[in-house]
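**Student:** Here it is: the structure, laid out below.
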Amino acid sequence: MGSRRIQTKGILLSTAPLGVLLLAALLHSTAAKTLKYKVYEEQRVGTIIGRLKEDVEGVLSKLPTSLSFRFRAMQRGSAPLLTVREEDGEISIGAKIDREKLCEKNSNCSIEFDVVTLPTEYLQLFHVEVEVLDINDNSPHFSRAIVPIEISESASVGTRVPLDGAVDADVGENSLHTYSLTPNNFFKIDVRTRTDGAKYAELVVMRELDREVQSSYQLQLTASDNGVPPKSGSTLLKISISDSNDNSPAFEEQAYVIHLQENSPLGTLIIDLNATDPDEGTNGKIVYSFSSHVPPKILETFKINPENGHITLIKRVDYEATASYELDVQAQDLGPNSIPGLCKIVVKVVDVNDNKPEININLMTQGKEEVAYISEGAPVDTFIALVRADDNDAGLNGEVVCRLHGHGHFRLQKTHEKNYMILTNVSLDREKRSEYSLTVIAEDRGSPSLSTIKHFTVQVLDENDNPPHFEKTRYEVFKSENNSPGAYLMTVVATDPDLGTNGQVTYTVVDTQVQGSPISTYVTIDPSNGAIYALRSFDYEDVSRIAFTVQARDGGNPPLSANTTVLLTVLDENDNPPIIHSPSLRNHTAELSVWKYASPGQLVTAFKVTDRDSGANGEMSCAIVGGNEDGLFVMDARRCELRTNASLEQAPRDMMEIRVEVQDRGTSRLTTGALLRLSLQENMDILPSLYPTGSGQASMDLSLIVIISLGAVCALLLIVMVMFATARCSREKKDPRHNYNCRVAESSYQNHPKKPARQIHKADITLVPTINGTLPVRSHPHSPLPSPTPERGTLGSRQSHHSRQSLNSLVTISSNHVPENFALELAHATPPVEGQYQPRPSFRGNKYTRSYRYALNEMDKFSLKDSGRGDSEAGDSDYDPGRESPMDRLLGEGFTELCSPSGQHRPHAGTTLSTTHPKPIIPLMCPYVCFCVYSDFHHASVDSALFGQTVLAVRNSDQSSGSGDGII
């Protein structure tokens, strides 16, 4: 029999009374101590096997007596067979042990595990082996209750017939021991043993058989073990005697031994059997098969060809599972009453190095299997992990050597036959290196050798030197009132760079009071993730803002913490309807007396209403919604004042009812209604006072003071603005750089609010020569003067008369556009030039200086003056120096006469032209006069005007409106 060692897979805690055979021995190996115990199978859970504290007392006594040692098993698993109590190392049964399931037919069955002592600074490693002893808890049994057997009457004495073997799961003395047969004179039992130790029986013929005397026999076969008390099982043999068959098949050899490599592929030929039968025909044709008592395991692994006797492999064999197989084969001819020939084949499995070593790393720290944790600053030789290397192969193929690679800060130390410890070589420093990747290599001694590599990580733990840190020092959250309790508000997040429990943050709300109630009645926080929830339904009218502190605390020892402030703002909702305080209501009805002879607009009553909501939700308006069919009353919606709208003398009745409604301005508006019962009274003395006194009058006085103050501020601001404008204008009058442009004035007039502006295009301008010929003047429709035609070349009084008549037509200035104190001043920009002047067209504007700036310089874009870019003709200029300008004299004479004190030729009664200045008052500031005329005459305006040496005729194109502005 082989041996089987089982490594436990976990640790639980249990106790039970003694009742077990145990043996403890303390053995010394390279660096570990081995403790051996024995226990019978099928013991109840909790049965105590031993106490490590007592059994290793000699080892622990050498350590400081002040230490309190604890014991910890290194194996892991969910269904452990044995448990170890940490306090005293008590080993007990954690689950029912069935040896037959645990080790099958192996003669040696043991459970192995390792135990370490804590603290790790004084770590001791112990290897524990618990041998499981067998009890006689299984009886031998046959696979069939009735076994039919056929034997020829010609069978000779000593003929052997293999029988079905019995099975007993127990081992040792408790396993199958012997067979027995019902006493008779013809047959006996011969007990034989296979190579694997199993016993089987053969039926042996003791006397010659005669079918005519007895054709059948029924015998009982019994199998018994050697337990105390012994157990047994039986089957019935039905033996039939058949007619003789002269010859039986015979094998070349009665037994064969075959060696089969365990890595042999499927289909491998095991053996080619050959049996001979001298008979001819069907009596000599042989069929091969396994004997009926071959166990199922054989039939699952091997296959025999019935025609040629080839046995092949149909299932992979494993030396570590089954080292040998015993096959019983029979050859039988097809003749009647055939007697089979038998042979035995023993297949021995040859071990090959087909199993790689297995590495099992057990860490001291709980967590991931591939990660070990160690605190920085741990001393040298600190225990990190326990490594166990196993190989199921035998001999050198199963011998394993381990090595550690990764970093020189760690080393591997052998503690037992297959166990190793990983220890530190130096004191680790997390600031220099926080993580190590280590590799364990296990290699067997086979040829060729097989190896296994396993990686794991060592993480260096930091000390708790970092407090939690919030993302914000202040959080703000907004929540509408009337929320449901338990509503989510927000999540605060704090991080801690420390590792492990030192970095695990727990959130709490610091105790405080909110309107006399603990903050814990308002909000709560999830301690694990910082999510904040409302515990009650908030009411904006009760509390609109809640400020509280959240604390984040790590799990270090001692713990570190940090605080942040959370400001919760409750948003108002329109959940309160308006309330009417005055007039006093009873059942939503008010009784009021009104003077029957009150004039329209008389105050009947002033409603005093409030709304607890804020903003638009609290803004209210009042309205009459019923009962005012005659329109006798009117409601001021904003002030909520009910007044008379007409004389009440004609009221149809002395008692009237009016339904009034007060409504807020919320999104979902709320209203409050009231019924007013108005009683008309003829005696005014009995009427109550409609206006409040005391505090109400003080409130009105305060409003009046505020209004007066605002008016005074506005007046002061206006005075400052006027003074600033006056000072600016004074500075500009003194600055000769400010130029006046007629087109700027034109643009300003276009923006006049009373009349629409008309834009002048070049198509509207006609150039008319006037100096050297007759000056055509078209009479104004409203002008009382005729238009005489003077002779060519005459520049005497007739020319002055024509000039004055032309200017009368030109200078028709509307009082709507010229202010009363509008003073114009002529400035001679050119010297007089004698000689005849031939006018030529010019499409340029004119430049002139002026003491008063007429704004809007952007109108210069409409100017017709030379652009200066070379696109004009050589003769095009506003003025040629040295040439006489008769317009200066002409305009001077004409404007002097027009602006004479008699006022005879004033264009408009509302326009006053200043005559105090000795010079004419028309702006003449460039070589030619630019004069802007605004008139209200109909259909046709000034067609021609004397304009220096050129007349610009502007026609009014607004015929539909009947009026227009002419701009020259």
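Residue 1 is the first one shown; counting continues down the chain.
Glycine too: its Cβ is placed from the backbone N, Cα and C atoms.
Quick paste of what TrEMBL says about this protein:
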type: COMPBIAS; residues: 863-872; note: compositional bias 'Basic and acidic residues'
type: DOMAIN; residues: 31-142; note: domain 'Cadherin'
type: DOMAIN; residues: 143-251; note: domain 'Cadherin'
type: DOMAIN; residues: 252-359; note: domain 'Cadherin'
type: DOMAIN; residues: 374-470; note: domain 'Cadherin'
type: DOMAIN; residues: 471-580; note: domain 'Cadherin'
type: DOMAIN; residues: 586-690; note: domain 'Cadherin'
type: REGION; residues: 775-806; note: region 'Disordered'
type: REGION; residues: 863-887; note: region 'Disordered'
type: SIGNAL; residues: 1-32; note: signal peptide
type: TRANSMEM; residues: 702-727; note: transmembrane segment
**Student:** Taking 252-359, 374-470, 471-580 as candidates, which has the most Cβ pairs under 8 Å with the domain 'Cadherin' (586-690)?
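**Tutor:** Looking at each of 252-359, 374-470, 471-580 in turn, the most contacts to the domain 'Cadherin' (586-690) are made by 471-580.
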**Student:** For the domain 'Cadherin' (252-359) and the domain 'Cadherin' (31-142), does the number of C-beta pairs under 8 Å, pairs 6 or more apart in sequence, reach 3 or more?
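**Tutor:** In this chain the domain 'Cadherin' (252-359) does not contact the domain 'Cadherin' (31-142) - fewer than 3 Cβ pairs sit under 8 Å.
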**Student:** Write out how many residues of the domain 'Cadherin' (471-580) are helix, how many strand and how many coil, based on DSSP.
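**Tutor:** Its residues fall into 7 helix, 52 strand, 51 coil.
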**Student:** Looking only at the domain 'Cadherin' (586-690), what is the model's average confidence as pLDDT?
**Tutor:** 88
**Student:** Sort the residues of the domain 'Cadherin' (31-142) into helix, strand and coil with DSSP and give the three counts.
**Tutor:** 16 helix, 44 strand, 52 coil
**Student:** In the domain 'Cadherin' (374-470), how many residues does DSSP put in helix, strand and coil?
**Tutor:** 4 helix, 50 strand, 43 coil
**Student:** What are the DSSP helix, strand and coil residue counts for the domain 'Cadherin' (252-359)?
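**Tutor:** Counting residues by DSSP class gives 10 helix, 47 strand, 51 coil.
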